[in-house]
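Peer 1: Sharing a structure, written as structure tokens. Questions coming.
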Amino acid sequence: MNIFRLTGDLSHLAAIIILLLKIWKSRSCAGISGKSQILFALVFTTRYLDLLTSFISLYNTFMKIFYIACAYATVYLIYVKFKATYDGNHDTFRVEFLVVPVGGLAFLVNHDFSPLEILWTFSIYLESVSILPQLFMISRTGEAETITTHYLFFLGLYRALYLMNWIWRFYFEGFFDMIAIVAGGVQTILYCDFFYLYVTKVLKGKKLSLPA
């Protein structure tokens, strides 16, 4: 495992823990897009079906189970435990405009036309755009809580580090996965504007706001 993958995993863990702690400690999911969290739960479910068919390592298995469990725990907190605090009026992104196209793309462009491979490819494509409902929600409300921006920063950092991981593996291991690299690149680009605002505003103690 190279340094980019390890730090990427740690950034991903940090993002998930920050979000869960934010919701649990504040007893509120205000400002959090439930639709983005449902998409992430769908991403992990379709990506890690190989838990039922193969074993790579204890680390690999633990991380996959952790991601799935946390994703569904987050959805539960938003739609059940703290449903009264969920701002559905601003979380209005049409997720079918994401799920249907990436589902079709997964059927057309994949490494192998088999159920598990198509679902894995679907998860890669879907993850690249799953954050859009959250960014759309922030643009509608006009601002985001600092803790929410920290969550988004670490989530974007994870994706950028994993992109570097793919480049590292290409140069040092001869491994190349065009689907993962392109999808990771798209996702990183979606975060670029947020990264700029995070550095110029949030790190200086200001509240992040996006144009409506």
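Think of each number as a place in line: the chain as shown, counted from 1.
Using N, Cα and C of the backbone, Cβ positions are placed for all residues, glycine too.
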Peer 1: Which of these ranges is annotated transmembrane segment in TrEMBL: 34-53, 94-113?
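Peer 2: Feature transmembrane segment in TrEMBL: residues 94-113.
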Peer 1: Contact between the transmembrane segment (65-82) and the transmembrane segment (94-113) is defined here as three or more C-beta pairs under 8 Å separated by at least 6 residues; is that satisfied?
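Peer 2: Between the transmembrane segment (94-113) and the transmembrane segment (65-82), contact is absent.
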